[in-house]
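Novice: Pulled from Swiss-Prot, these are the listed features:
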COMPBIAS  444-455  compositional bias 'Low complexity'
COMPBIAS  460-497  compositional bias 'Basic and acidic residues'
REGION    426-497  region 'Disordered'
REPEAT    15-54  repeat 'WD 1'
REPEAT    68-107  repeat 'WD 2'
REPEAT    127-166  repeat 'WD 3'
REPEAT    169-208  repeat 'WD 4'
REPEAT    230-273  repeat 'WD 5'
REPEAT    292-333  repeat 'WD 6'
REPEAT    337-378  repeat 'WD 7'
Amino acid sequence: MHIIKPSWLSHCGEQKDFEVYSCHVSPDGKRLATAGGDGHVRVWSTESIYNANTPDYNKPRQLCHMSHHLGTIHSVRFSPNGRYLASGADDKIICVYHLDKNPPAATFGTNEPPPIENWKTYKRLIGHDNDVQDLAWSYDSSILVSVGLDSKVVVWSGHTFEKLKTLPAHQSHVKGITFDPANKFFATASDDRTIKIFRFTSPAPNATQHDMVNNFVLETTISSPFKSSPLTTYFRRCSWSPDGNHIAAANAVNGPVSSVAIIERTRWDSEINLIGHEAPTEVCMFSPRLFHTSKPDPSVDDKSPSLVTVIASAGQDKTLSIWNTNTSRPVVILQDLAGKSVSDLAWTPDGQTLFASSLDGSIVVAKFSEGELGWVAQPEENDKALQKYGASRKGMGIAEDVDGLMLENQSKAGESRAVESRMGALMGDLPDSTKESTPVTNGTKTTAPTSKPATNGQSEAEKDKEPEKEQEKEPEEAADKTAQRVKELKSRVTVGKDGKKRVAPLLVSSSGTGTSSLPQTQLVGTTSNNKAAQNDAPQTTLDLAKPFDGLPKGGIAAMLLGNKRRLNLGEAEEEEEPVSKRAATGPTTIVTNGHDSVEPAALVPVQHGVVPTPEFLRPAVMNPSIAFAQVRLAVPKIRSHVLRPLDRGILQGESSLEDASKTPENIILEAKNDPNPRDPSHVLVSKRGALIWEEWLPRAIILVTATKQFWAVACEDGSIHTWTPAGRRLLAPIILESQPVILEARGHWLLCITAVGLAHVWDLKTQSSPSPPVSLGPILDIATTSLNQHSATPGPGVTSAHLNSTGHIIVTLTNGDGYYYAREMFTWQRLSEAWWAVGSQYWNSNDSSISALQSTAVGPASKEGKDKESTKATVSSGIIPFLERHTTNEFLLKGRAYGLQRIIKMVVQRKEAENLESSVSIAHLETRIAGALQLGAREEFRLYLFTYAKRLGAEGARVKVEELLNSLLGGILEENEEEEDEDDGHGWFSKEGDLCGWDRKELLKDVVMILGKYRELQRLTLQYAKVLDISLEDGPVDVEQMDVEA
């Protein structure tokens, strides 16, 4: 063993060395981070420390120093993935740093050596009310937990660094935190003389605090080893053994003697105490590696030496003791290691070197030789030791006691299939290959390198290098022209009315290059697997028609003809400015935001022979019927070219239909209108530049759409023409009451919305319509009063209209609302609105359980074939999350939620409305379930049902739970001897058959399992468990697969 104590390894001050409160070694073992009373975090090279006595060594010692705190820094910790470094201080702030690849800048006005590495502040986390005393990362770096003198335990996301949860479990200062290497628990030590164990499941990368309602649950409280422990220690830094079996707790007592308590996992009691310190201990730290008691013999495979763990402890007696589990006495005792208390310990990843920091400002290194502590075992031995705790099965929640094992044995088989199913993916149980291929971020898009198969000794990637080099030259050449053009725009001088010259201001538009942080939904059949694998933005299957590119950004304007006057009208009120007088397009954009700077907003040049979307030729000729209609929608203008690719739609990374039309595999429908209204229009269908068929029409073409079953175009005179894929006329022209404004297709369904607000839906396969024309008047607030009885007033605009695979209409409006037309009831139903966005705890457009995954649905075995089951599984899939994200875009992100949020906050403060948030959250879940049931969205229905059941259980809503179980039970146990006159119900009132495509009995069994852990409901759930014959010997049930993060 070698003791290394360099004189330069300290936090030096002008008059004295500052106290060093914390130290930690990076996962690669190359850096040592220390935090001290000078308010600095310093990063040192461990290689320079090991070579402190080598005169010829001239490499840098201090790699970087950061001074972003306003006081003493108490804790510093590297994340296990090595990406971040976190520090907590007495300024109540947590700083998270990341290593920037750019060279560092020299610090002005300091004697510090120039930094070698550029560690920059990535996030500043504010959530404590007093000093931050200790920090710890989970072993998968998914969460960061901080503890402090405000008695709080705060959990932060390790990806977004959003505050996920605050745990006010302790009654006094919290001074220590450690994580279970199996990633199932973490333990906190406090001056209330307890250690509390919290169970958790690693959250998804884009999880929010609303997802963590039932996560981070207190498992147990341990107090017996600390009943008379002193409160004079600065820290209570505890540590978890690398095999997951034990927790070492500092500042414990065994009678009158100070000790280190060893707490056994699962039983959570302490029968072992390490006695030897003469004063209270501040810190104890397990070596991260397991050790063999004797040197392993590679030739003997059958027997390997026994494994032990090594632990170091230190504290106020200035003594460092090192123990292992094979002996009752310390292996090493280093007395008077420092002049004051030892504040922190840190092992290197190889388990052979120990760093110790002290309040006297010194940092000591103890470097051990092979065999002194034992022989270091391979990292695979750690994994084997943790397998019994389910460390390799993320999010499974393996039972660790008898009760948990019994609960696990009550579930049904199918664990392996659930991993591949969408429900298994929604529970976070993805296979490793999937996680690597589709990493998830909070709505940002990054591309991962993918390897291509080699052909004839040369990979496809190498073949692609030459054209890539040619493409790289083009941006470089264009960059100079761009910069020159921007310079000209910036220096453009105008002369005002007064004759003075001034530089004209620039309008910078970010719409061209800005990307939203919200998840980007992919359409069914529109995205290739390779594209999906390279994009790690949240994905989901969406059963809707492709969006039409001709709609304006603000949606189609709607005018409503009122039929009543408003009450209490003031004569002095001014009428609103007519929509026709407002600028339709706004000011002309001169420059746009580029990747590095502003760029001129030049028109996109013609590429691959494809003409970009042109300016309109003229307005469409209006039908006289619009003048008498109560609903009037804006009619698209006549464009010279209208393009539509067949069914593949817009691929990821492509911003327009023009980009999609450049894809060689796409079949393109192109409509060309002549500038002369009297000349016919030309319809062409081509593939890879080759003409498939063409036709001329006597009227100008406004809209086009296409599926694999048919082509359709809408003309200026209100007629719709349809063709087969080969170009044969499918139907005679369909004549409508006014001009079409929206034309969409999905499968063999065709949707057309006209200028008078009527929606027509046709099934071209059966050449029929499921319902008469539907008016958009009810959802456009036509029933509201207007200022003038005979004048039109603006209403909410239509942002999109879609069809799902069963021909149902989905409409979104500019006010954020999303609607679905229930043709069985001949009425519109609102599936998403702003009220849920500001009042529900379950509103989350970045919901990891829905939008961050893309997989197939697997449910109970159906009597039909697998193809039919797969088709049934995707019906209406993703529609409700899509509508809620639209509401977020239209309502919350445009700043219109403040007023409603303020009203809700004022109402919640009243005593009679203290349960408003809970009530609104439950109502939101009930609306989701009702919408999913009406749409037939089986995956969303099951997910929302389980979330709803868990919330009802947490609320103890016995009446609703009983009614829910009765509705799920239906007629499972009833015989078929009922009266024939009684009509069969639908949805919750149905007695037989599946419920939204799921087996009633399986749904009921899963809901009973979810509710079974709530004791106040066990009398009720036990009855249903007996009815369903749920016994302890039924077989394995994966409860966590049914568990939904609320």
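Glycine too: its Cβ is placed from the backbone N, Cα and C atoms.
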Novice: Tally of helix, strand and coil residues over the repeat 'WD 4' (169-208) according to DSSP?
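Specialist: Helix, strand, coil within the repeat 'WD 4' (169-208): 0 helix, 18 strand, 22 coil.
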Novice: Using a Cβ distance cut-off of under 8 Å, indicate which of 127-166, 169-208, 292-333, 337-378 has the most pairs with the repeat 'WD 5' (230-273).
Specialist: 169-208
Novice: Quickly jot the same-chain residues contacting the repeat 'WD 3' (127-166) by Cβ under 8 Å, restricted to those at least six beyond its ends, or write none.
Specialist: 74-81, 83-84, 86-90, 92-94, 96, 172-183, 186, 188, 190, 198, 200, 202-203, 205-209, 211-212, 215-216, 235, 237, 394, 441-442
Novice: Which whole-number mean pLDDT does the model give the repeat 'WD 4' (169-208)?
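Specialist: On average, pLDDT over the repeat 'WD 4' (169-208) sits at 91.
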Novice: Tally of helix, strand and coil residues over the repeat 'WD 6' (292-333) according to DSSP?
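Specialist: Helix (H, G, I), strand (E, B), coil: 0 helix, 16 strand, 26 coil.
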